[in-house]
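Heads up, the thing below is written out as structure tokens.
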Amino acid sequence: MEKKTRNLIFGLFWMLLASSNLCIDGLNIWPMPSSLKYGAKTLYLSKDFGLDTVGSKYVDASSTLKDAFQRLLDIVETAHAIDTNSTYYNPSLLLKGMRVVISSPNDEFGVDESYKLSIPSSGNPIYATLEAPTLYGALHGLQTFSQLCHFNFTTRIIEVRQAPWNIIDQPRFSYRGLLIDTSRHYQPLPIIKNVIDAMAYTKLNVLHWHIVDTQSFPLEIPSYPKLWNGAYSPSERYTMADAAEIVNYAKRQGINVLAELDVPGHALSWGIGYPSLWPSSDCPEPLDVSNEFTFKLIDGVLSDFSKVFNFKFVHLGGDEVDTSCWVMTPHVRKWLTKHGLNETEAYQYFVLRAQQIAISHGYEIINWEETFNNFGNKLSRKTVVHNWLGGGVAQQVVAAGLRCIVSNQDKWYLDHLDITWQQFYMNEPLTNITNLQQQKLVIGGEVCMWGETVDGSDIEQTIWPRAAAAAERMWTPYDKLAKDPRQVTGRLSHFRCLLNQRGVAAAPLTGRGRAAPEEPGSCYKQ
């Protein structure tokens, strides 16, 4: 048998198998909810499927819920043309709409993201009901509902299979993050918004925006307008209005934006506009610890941040600080001697002073783990330590009574293309942390898309579907997580194909991160 013919036969076989699985398997939900029950009846979405908020205490003055419901309809209907005149509509099986009842009148972030979704199999008329303590729980419930909707190629209408449904759900961790890096490569606003859309589909809730670094400073800072002279080019910049647009766009999808200002290292680009921030032109980083202007500028930047980045946390970096420039530069060395500090103590002085500035602007602080490793007992008790170097640190952090975010680079760094989705899925933030009180101090985890090798052309397929694998680890209760990733391969493959159908360039599961399809075949088998 010729290879081409054999491949065609196998391709048709897998296509038929995948198609049949889709028809009978109603559990292709990602991430898997905490609890669900389902039946065997098929309902049809009414062509005027509507939103009912009678009884809800949430006023929706900014139309966040209304817009989210419209997005639901858009993504459910985007893959195929719906026949609104279909003769297959059975009045007794029509799902007329959804009643959304939110018990909290405000939209404060992150208090309670739980929800209950019920879809009865009968009624006159039939309405789905979504109950949630907060707006953000309701947004997650809408995402789950969207995955219960399927296009029927015979009737050409949207149906909900296996009703009645009863789903009770809530996240395992309150912080479920994804880092993007706009210093190593500029990412246009539409690309960032696409990433936010896909985060909402996977129920990730924090976009960690690593805005500036050694290579470029693309963000406008009104208090110090020359800082963005460090951008790659005049067109590769973000105005503060752009930043506000990203923050608002994300919040309307249940996602907060964590801004990072990495100090004192990774800051060469700052001195393009303000050279006095450098210890010297020959030794430009870390920022000059001896210059009061350095801290005045940090105060101004964080003041501007506080007007736009309204998440309770700000990330102050603090990683990979090579202090040799301080001892090599005469005026800095003189300052160290005057204050009786060695270079390690000066690093501590800088980090702690930056922390106090952030606190004065109402922020709680996140720092990379080097700060804890070097002077953990001196950090503000409001510090969250961001683990990235490896295992064992989270245990030490929570034992010291501080909060922790896990992003160990050997498992949750997306720029490491050799890390498979299976490794992303199996990475457990609470490894070797058995004390229940200490477990609560691990507020969550984050996958990191460092930008050295990604721009607008390849960021999505480098992030997805591996980040989705980690998203289930952070959302789903531990006892419902697969103990072997092979148990979820089919479900994640289905979700990856769903992302593709929604316009997200998620890569195949097979191969390394960012891999292309190896040969012709069904999406569900790649």
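Any Cβ shown, glycine's included, is placed from N, Cα and C.
Residues or ranges marked as active site, proton donor by TrEMBL: Glu320. Look at TrEMBL and you will find 29-148 tagged as domain 'Beta-hexosaminidase eukaryotic type N-terminal'. Residues or ranges marked as domain 'Glycoside hydrolase family 20 catalytic' by TrEMBL: 173-477. The signal peptide annotation in TrEMBL covers 1-23.
For Glu320 (active site, proton donor), the count of additional Cβ atoms within 10 Å of its Cβ stands at 12 [all protein chains shown]. Here the domain 'Beta-hexosaminidase eukaryotic type N-terminal' (29-148) is broken down by DSSP into helix, strand and coil counts: 30 helix, 36 strand, 54 coil. Taken together, the residues in the domain 'Glycoside hydrolase family 20 catalytic' (173-477) have a mean pLDDT of 97 on the 0 to 100 scale.
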